[in-house]
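*Asks:* Could you have a look at this structure, given as structure tokens, before my questions?
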Amino acid sequence: MDISKDLICIGFEGTAEKTGVGIINSKGEVLFNKTIIYTPPVQGIHPREAADHHAETFVKLLKEALAVVPLEKIDLVSFSLGPGLGPSLRVTATTARALSLSINKPIIGVNHCISHVEIGKLKTDAVDPLTLYVSGGNTQVLAYTGKKYRVIGETLDIAIGNCLDQFARHCNMPHPGGVYVEKYAKNGNKFIKLPYTVKGMDISLSGLLTAAMKKYDSKERIEDVCHSLQETSFSMLTEITERALAHTNKAEVMLVGGVAANNRLKEMLNVMCAEQNVDFYVPEREFCGDNGAMIAWLGILQYLNGKRMDLNDTKPISNYRSDMVEVNWIPEENNENIKSRIIPEHLIGKGAEADISKGRYLEFESITKERVKKGYRILELDELIRMRRTVKEARFLTAIKELGIYAPSIFDIDKERKKITMSYIHGKIAKEKIEEGNLDFCEDLGKIIGKMHVGGIVHNDLTTSNFIVSDNTFVIDFGLGKYSDLVEDKAIDLIVLKKSIMSIHYDKFDLVWNKIVEGYKTYEMSESVLECMKEVEKRARYL
């Protein structure tokens, strides 16, 4: 094929209950794009029924598409290789293979999640965004670093779309339930406290779902439960996006996926981005949910940059993670022009939770950490979170010293302003030391974490930004900390750290992580925690 000419690609999307066919050219012009959603006769989607729907609907959509763009003009066939439901993926792959063979044109299987990101970039002005991808089967925070889209944060159990749909089914709402939850939520006027679970840049939604169902069963107004479910879950999503933003220092945030159609979620992210002084993008609704055009576009990007497949390579991958894909279509020279998040001059740091300023307390150098109000959260929830975390942080900074772990000294706590003044530590954060190639302290990190875990303390936000290395290594930022003797809580603590290292220090990951594990192994309980860690990583479903 002559790749110097304008290529036309047809894309087949069928990872769950939506069947999509799209045609796009290499200029990024969408020539055809239509999606049909399978609506089950009873609540819940059966994978086999969804696959049967694809088999019938692809034929119909293909006829419509080829009435717009004749078959002889198609140069390339692309399809969603995964992740998704096995039966749906197999029907989609079979359809794409059949067309590819019949017209003797090349075929490319692409990652469904990354397709969302790339069509979003095409349809907005985003260049290098931190992407929140939210749908029925996926909840991820993605960032491009080191020739891969890295999963910076994600759900530890169910996806946000699934959470909303399951709640809607429980309340006898039609499918897809998220639309009806949003509709009811607009008329809610009472906030009901529900579980709010953030662990580093990950979230857990299963406890929230169960609690919301119980509130509905206890005869709370459905409008109030929907309002509270949305406010809680979307605040969690916005918070982990903000945490990832602080960790990666990206200057753009983009929202994609089916749940991106929710106006309240868009509003919350827009407010957060304004507070962080970064740009916010969301593609038009047609390109938020699953569609064939996004599959076709990623197929073109990969093909034009050397990706080739034969039929043996087209077996679907139901657990096809975004970070399994080697990105060959983003030029390295782009990195030189990428913008970074700008920290206000009067601050020495601006995290997801707090503004950090330097000063003096009596004769001592100090820093002040103020948990500022978050405009994206409703007042009741925001006050609760900021107060709880301020008190927690002060408590745990004192508690870890009793375990022989170094931490800043607290000078003053202002509960009204959610502000802590503490000693200034001369040193560098671990993130900077690793970037410089200094890894001598990494084993000490493992020992410190082991000492915390033996003492029954789980940090819940372990990143390389939360250790300060000087003559000794200090641990900071305990706002998410808790007491726990559960092996799984300690395993998740390590997983949070592992993912943060992989996302930023990918080129040094093995060296850094192995040193941390060696240090952690000096404690007796380490073996059971490390084994549990493997089990937790295996059972992650939403990819």
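From the backbone N, Cα and C atoms, a Cβ is placed for every residue, glycine too.
As listed in Swiss-Prot for this protein:
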type: ACT_SITE; residues: D461; note: active site, proton acceptor
type: BINDING; residues: H112, H116, Y133, D290; note: Fe cation binding site
type: BINDING; residues: Y133, V134, S135, G136, G137, D165, G178, E182, N262; note: L-threonylcarbamoyladenylate binding site
type: BINDING; residues: I348, G349, K350, G351, A352, E353, A354, D355, I356, K369; note: ATP binding site
type: DOMAIN; residues: 342-543; note: domain 'Protein kinase'
type: REGION; residues: 1-329; note: region 'Kae1'
*Asks:* Starting from the Cβ centroid of H112, H116, Y133, D290, the recorded Fe cation site, name every other residue in that chain with its Cβ within 8 Å, sequence order please.
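*Replies:* Close Cβ neighbours, site residues excluded: T15, C113, S115, S135, N138, V256, G257, M294.
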*Asks:* Counting other Cβ atoms within 10 Å of each Cβ, which of the binding-site residues G137, G178 scores lowest?
*Replies:* G137
*Asks:* Quick check for the class: what is the C-alpha distance, in angstrom and rounded, between G137 (L-threonylcarbamoyladenylate binding site) and A354 (ATP binding site)?
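*Replies:* Taking the Cα atoms only, G137 (L-threonylcarbamoyladenylate binding site) lies 32 Å from A354 (ATP binding site).
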*Asks:* What does the structure give for the C-alpha distance between A352 (ATP binding site) and D461 (active site, proton acceptor)? Integer Å is fine.
*Replies:* 12
*Asks:* Taking every protein chain in this structure into account, which of the binding-site residues A352, I356 has the most other Cβ atoms within 10 Å of its Cβ?
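*Replies:* Comparing the binding-site residues A352, I356, the most crowded Cβ belongs to A352.
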*Asks:* Hey, what's the Cβ neighbour count for I348 (ATP binding site) at 10 Å?
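*Replies:* Excluding its own Cβ, the number within 10 Å is 13.
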*Asks:* By the count of other Cβ atoms within 10 Å, pick out the sparsest of the binding-site residues S135, N262.
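*Replies:* Result for the binding-site residues S135, N262: minimum number of other Cβ atoms within 10 Å at N262.
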*Asks:* Could you check which of the recorded positions (D290, I348, A354, I356, D461) sits closest to G178 (L-threonylcarbamoyladenylate binding site), going Cα to Cα?
*Replies:* D290
*Asks:* What Cα-Cα separation, expressed in whole Å, is found between I348 (ATP binding site) and H116 (Fe cation binding site)?
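*Replies:* The separation of the Cα atoms works out to 35 Å.
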*Asks:* Please identify, among the recorded positions H112, H116, Y133, N262, D461, the one with the smallest Cα-Cα distance to A354 (ATP binding site).
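*Replies:* Closest by Cα distance to A354 (ATP binding site) among the recorded positions H112, H116, Y133, N262, D461: D461.
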*Asks:* Tell me, how many other CB atoms lie within 10 A of the CB of H116 (Fe cation binding site), whichever protein chain they belong to?
*Replies:* 32
*Asks:* Going by C-alpha distance, which of the binding-site residues H116, Y133, S135 is nearest to K350 (ATP binding site)?
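*Replies:* Minimum Cα distance from K350 (ATP binding site) across H116, Y133, S135 lands on Y133.
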